[in-house]
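Noted in TrEMBL for the protein shown:
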- 47-74: coiled coil (COILED)
- 7-129: domain 'Phosphotransferase system enzyme I N-terminal' (DOMAIN)
- 153-222: domain 'PEP-utilising enzyme mobile' (DOMAIN)
- 255-520: domain 'PEP-utilising enzyme C-terminal' (DOMAIN)
Ligand code: PEP
Ligand code: MG
């Protein structure tokens, strides 16, 4: 049978292969009407199931805390609190006693109704809690229906999952594929921090999979492959093995510097959009955050986040960095990151912000307030003209008052910016190469649908090289924060071109630090020169 690919969204990177494990439905049966005399015992059962679900969640949270994963523990604890919510209990009670629903059905319906209410609130943080309530409902309904609690290994396939469901998955789960879900949902955040490959938004087709059929989930490209050929399976299995080994080594060597065999020191920072990712990155030895994507949490927002909303998101995250580098990128809305309030708006990143000066001032104020004690760097996304960073600097000085000015940098991720890199470098304190957008734009690919990102294509490398030279000329550091920074083929080329810092996904930090220790800088430089001329073995470069 030829391979068949389902396409969704890349929620947590990595390849996973194994038998599909279809998550059973909750066992709720809406067609049954319980006779009057049986309703009280159904209600007792429902309340016991809610209490049991809360106890399970508290136990999971406790285990997470013991493992030092406090951020995830907090997320799971929220679910336990919801199980004790009197509003939820009252709704369940009414559905059972008046409506004659079974315990499982009543819990499912009450949880769904509560989740729908939360999802309708125009506050992204509260709206995301909807998933937590649904997850709690599924858990409690399964208990009420006497559901199974066995652990089966493989790739978990489900309509949707809550963060606690993901946090509870044991090592026997290789990866997760969901019909629904978004990349910013808490479930995805937990998966990323666990290094568990996850694809979401695959659509209802994924629920037609047959229990036990072998599948491959590619959490980096957002795909699920049915009927995988033997080569793909072997690749997935070896990638999983490599990831496990890499993490163990990384944690053990977290305090050692990342330095090439011939002495070139490269800083390794993390890309993050959640507290859980920052924690995982630090555990793996990250020297700080090189890219904080501030927009991801607000993709369902109905308005530009105000100072308070941004502050609530940023404060715990930056506090966890203590005195390390915190590179906070201004909202990069637009393209595939367009929230409802910007529907129809043209432009992307800084362009949209400059059209909404109050939103820019609010975000700057929130960042400055939250960044007490960290080495703050502000990063401007999607610049094309130097006037844009000049305008951001003016807005910054207007809100700065007596606070210390942060370092200001720009993402070089459009060909226009790369061509003007020297001008940008003169105005700024650092530059950050966004190879994701740069590659797609330079090669005319569609970022939202393209499955490849050949950053080592000579056309792209020439833009990267020009940017590196501009940075060196101005004496400012150059970071690479696109996915190429953790790509085994591209990373040595980027180091050879002179990258001072690599900022990579939280779960990749240790692996990249380890890889740097095996490189020879002089050989990387030589490889980079050949790559610029297109003289390497293949378009994607060659490994050292
Ligand atoms: C990039 O374009 O390389 C980048 C890091 O930005 P984002 O992926 O958030 O667009
Ligand atoms: Mg980008």
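Even glycines carry a Cβ here, placed using N, Cα and C.
Because TrEMBL annotations are produced automatically, they should be read as predictions rather than curated entries.
Along the domain 'PEP-utilising enzyme C-terminal' (255-520), the predicted structure has mean pLDDT 92. Residue counts for the domain 'Phosphotransferase system enzyme I N-terminal' (7-129) by DSSP state, with H, G and I taken as helix and E and B as strand, are 80 helix, 13 strand, 30 coil. Residue counts of the domain 'PEP-utilising enzyme mobile' (153-222) by helix, strand and coil are 20 helix, 19 strand, 31 coil (DSSP-based).
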